[in-house]
Amino acid sequence: MKAVYKKDLKSAFTGMIGWVLCAFVVVVVGLYFTAICLQSGYADFSLVLYNTTFIFLVVVPLLTMRSIVEERRQKTDQLLLTSRASIAGIVWGKYLALVTVYAIPLAIVGICPLVMRAYGSVSLARSYAALLAFFLMGAAAIAIGLFMSSLTENQIIAAVCTFGSLLFLYLMPSIAGLISGSAAASLAAFTVLAALLALFLHWMTKSLVLPSAVFCVLEGGLTAVYFLKPAWLEGLFPKLLNSLALFGRFDNFVNGLFDISSLVYFVSVALLFVFFTCQGFEKRRWS
């Protein structure tokens, strides 16, 4: 893992991509910090971070699109897959290298609350709690991008898939508000999710038995609930979208709440998609 980590971290800064993305994050956060805190007089750094969450839609696709795709293009992935290194070590090395690149500009903008403290009263605990949540939210987004990069051999496709996934997560609270709260709407939405889960299991296992069984069990349960206890499904899918909204969970930190459940959620999403990436690598090793 250490060798992969060093290689990928060095690769990010050997070219321009690492420097450009770090500069982009620092400049964007710096501009919003100047406008919100220095010019408008708001002594709340979390507002700056809240207004800059859109940078993930730009930074994460560009940062992660080359991570695994480049290995395939240069055929070095075969060396990794046939080496004695564990799949988990390879994937974690790549992931931690990406997170390190992302952490560098955040460490730089971390001085902003101290700048405000020099000129007035500011809650450092609230500011750095928001910065911690912002970091973990980005780490979760990077894990999603890394997984998308493992699914294709084209950098552009990897970037587009990552952008689309993050855009959906970004707009998820708004999408939840557009969906009907009726039991029928929830049944239809959960049916689509069950079908997507079955397709994912088929891609992972190349078997029809397990995905079909999972889909039938889920669909049977949903249908039974719809006819026996339809009230259970009313408004359930919009509630699920709101609870899974990655970027929406940052709102609590903006409101001054140290939401441990949101931090756990960010870490869980990161671990889940790193695990998915490991499984994809494992599948390719045996194939």
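Backbone N, Cα and C atoms are what each Cβ position is placed from, and that goes for glycine too.
Residues or ranges marked as domain 'ABC-2 type transporter transmembrane' in TrEMBL: 40-184. Per TrEMBL, the feature transmembrane segment maps to 12-35, 47-69, 90-116, 128-148, 155-172, 178-201, 208-228, 263-281.
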Helix, strand and coil totals (DSSP H, G, I; E, B; other) for the domain 'ABC-2 type transporter transmembrane' (40-184): 113 helix, 0 strand, 32 coil
Segment-segment contact (the transmembrane segment (12-35); the transmembrane segment (90-116)) at 3 or more Cβ pairs under 8 Å: yes
